[in-house]
Each structure stands twice: as C-alpha cells, then as structure tokens.
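Per TrEMBL, domain 'Acyltransferase 3' is recorded for 10-325. TrEMBL lists 12-31, 43-61, 81-98, 125-151, 163-183, 213-233, 245-266, 287-304, 310-331 with the feature transmembrane segment.
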Amino acid sequence: MSSTNNDKRIDWIDCSKGITILLVIFGHTISSGGSQLEQVLRGGIFSFHMPLFFILSCITFKLSTEGSQFVKKTEKACRHLVFTALILYGLRTLVNIVNNFHTIEWKGYIAEKINVLVYGSGSNVIVSGTVIPAFGMMWFFVVLFWGRTLFDYLHLKLKKIKFIVAILMSTMIGIVLGCVQWLPLSFDVALVVMPFFWFGDYLKHANLNRKRAAGCIVSLLIWGITFAMSYFIKNDYMELAGRRYPLFPLCYITAMAGTMFICYFSQYMLMLGGLAKPLVYIGRNSIYLYCVHAMDYVYGFIWSRTNSNIVNGMIRIVADVFMCVILVRVIKLIPLLRMRNK
C-alpha cells in the first residue's frame, strides 16, 4: 500500500476514534435510569464503543514475529498502558484523600485501595461476600494491555487453525468466568475481547474503500437490527466493564457492525475536508481525552448544572475537549522547555 493510502488509512482510523471517544463521554453522562430515549441512546453507544477501540488498536498494531520482539512490545505496552492507569489511579486517590482526609479510616482505606488495584475492574467486584470498589475507567488500559499481549503471544506461537480455536476457547472461558467469578486484573474481560483483536487484525488486510456505500448501509442495518433484538428481547446491551454479554454471540455482531459503520462513516466525513479535521485531531489525542474524561468529575459542577443529561453530556464534551487541548499543548511544550534549559 502506498504512503498516500497509509495516510488516508490513519486519518479514517483517527476520525473513527474521535467520533467514538466523544460518544463515550456522552454515554457516560446519560443515566441508565433516565428516560426511555436516554436509555436507548446509552445502550446504542455502549453496544460498540469500547469494542471499537480494541478493534482499531489491532489494525495499527504490528504483531510480533519473534520472541525478542514480543518482549520489547510487551515492555513498551506496559509502560504506556499500565503506567498511565497507575498515574490516573494515583491522581483519583489523591483527590479522594484531599476531599475526605478527616474521615478516612486509614487501615481499611489502604487495604481497599490495594484490592482495587489487584482486581482492576471497571465495575464493583464481589469476592467472598466483600464488595471491592471499581478501578474506574482505567480498566480499559489494563484489559488492552493483557488482551493484546495475549493475542500477540497466541499469534506468535500457534498456527492459523489452532490460533482461531484458542481465540474461541479464550472467549468462552472469559464469558463463563464473567458469570461465575471475575478475575484479578480484569483478565476474564481480556479473554472476552480476543475476537475484537482478531477482527482488527483481519481489517488490517481488508480494503474498506471498496463498495463503501454498501458497506456503510449494511453495517448500519446489521447494527440496528441486532441491537434492537438485544435491547428489546433482553432489555440489555454489551457492557464489558460489567461483564454483560446478552444473547451471545449476537452482541459481538452488534459491536463489530457498529464499529464498521463508524469506520465507513469516518471515510465519508474525510471527504468533507476541513469539517473532519477536529475529529481527526481528537482521535489522534483520544488517549489524552480519555485520561481527561477519567478526571472530569473534579470540575463536574461545570457540566452537571442542568436537569437534562443530554445537555449535560454536550457541555461535558466541550469541557473535556477544551481541557484535552490544553493538556496536549503542555505535553508538547515540555520537550521545548528542556531543550532551552540545556
């Protein structure tokens, strides 16, 4: 593939990430117990939003071809993903300590925080009758690290048929564990997302420019029909953090179809030229925006002022994007300041 095509490919991936991270913020603002419209909007967003990031992460990820390369990739991913999760967790813990310093029972508090780290779950975990609080949004970094590392290792060690069988078995084991007992470090979810990495690796070699209009329409129809079946039959939708996989494997089809629609739609957005640039920018910095979003409860008074969750969601998006732009500029400024001081 030519460099020009590669550039376009990166742009539509970034645009897809940009659209979806904004939907993530909006979806997190809408209450699950709100109006029927809010519940449908939330369900529709949740049905594909995190799977999309797992899928796209493998489109841009070069799988290891030898053991030494696997080790280097794993070390790099650990620094980028696990370290980021720990920093966010540390910041959130610090804010909590500052706000509740005089009421904290330190022995129990420290034990609880350690347990939260051990499980790294996006939702509260019950272990032997004890409730362990959620790790929060940082679960995504943990699952992306473990899941993609395992996927890379299986791809390195197994031939095609055995590799596919291992993916399917891992998924089934993860789903069963999600019904029985959630694992430390959200490892059961890391098993569950294996098909998304496989699908991303498949799309890496696919030509999405062919029959773009048909692909856009078909993927939207498949997503709409399968989501409607899941939502109105089970009154549920896929939510990885909560280990909810209704009408398996239909929920996987919903997630993949939703991802495909966003990818095709992003390609059409790029045809509009300048109108897509903000989305591409947001997509390229989606990791920073996700981090900002994980901390935006600090200025929740800004985006939770109205009685409408939909309006609040829009305000929250604007506030988070604004903070993200500042964060990105500060990060880019740090190397320049270091160079001046030398």
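One-based numbering along the chain as shown.
A Cβ is built for glycine as well, from the same backbone N, Cα and C atoms used for every other residue.
Non-local neighbours of the transmembrane segment (81-98) in the same chain are 104, 113, 116-117, 120, 135-138, 141-142, 144-145, 287, 291, 294-295, 298; each lies 6+ residues outside the stretch with a CB under 8 Å from one of its CB atoms. Within its own chain, the transmembrane segment (287-304) has Cβ neighbours under 8 Å at 21, 24-25, 28-29, 84, 88, 91-92, 95, 136-138, 140, 312-313, 315-316, 319-321, 323-324, 327-328, 331, counting only residues six or more beyond its boundaries. For the domain 'Acyltransferase 3' (10-325), the model's pLDDT averages out at 94.
Per-stretch counts of Cβ pairs under 8 Å to the transmembrane segment (12-31) identify 245-266 as the leading one among 125-151, 213-233, 245-266. The stretches the transmembrane segment (245-266) and the transmembrane segment (43-61) meet in space: the count of Cβ pairs below 8 angstroms, excluding pairs fewer than 6 apart in sequence, reaches at least three. When Cβ-Cβ distances below 8 Å are used as the criterion, the transmembrane segment (213-233) is approached by residues 40, 43-44, 47-48, 246-247, 250-251, 253-254, 257-258, 260-261, 264-265, 268 of the same chain, each at least six residues removed from its ends.
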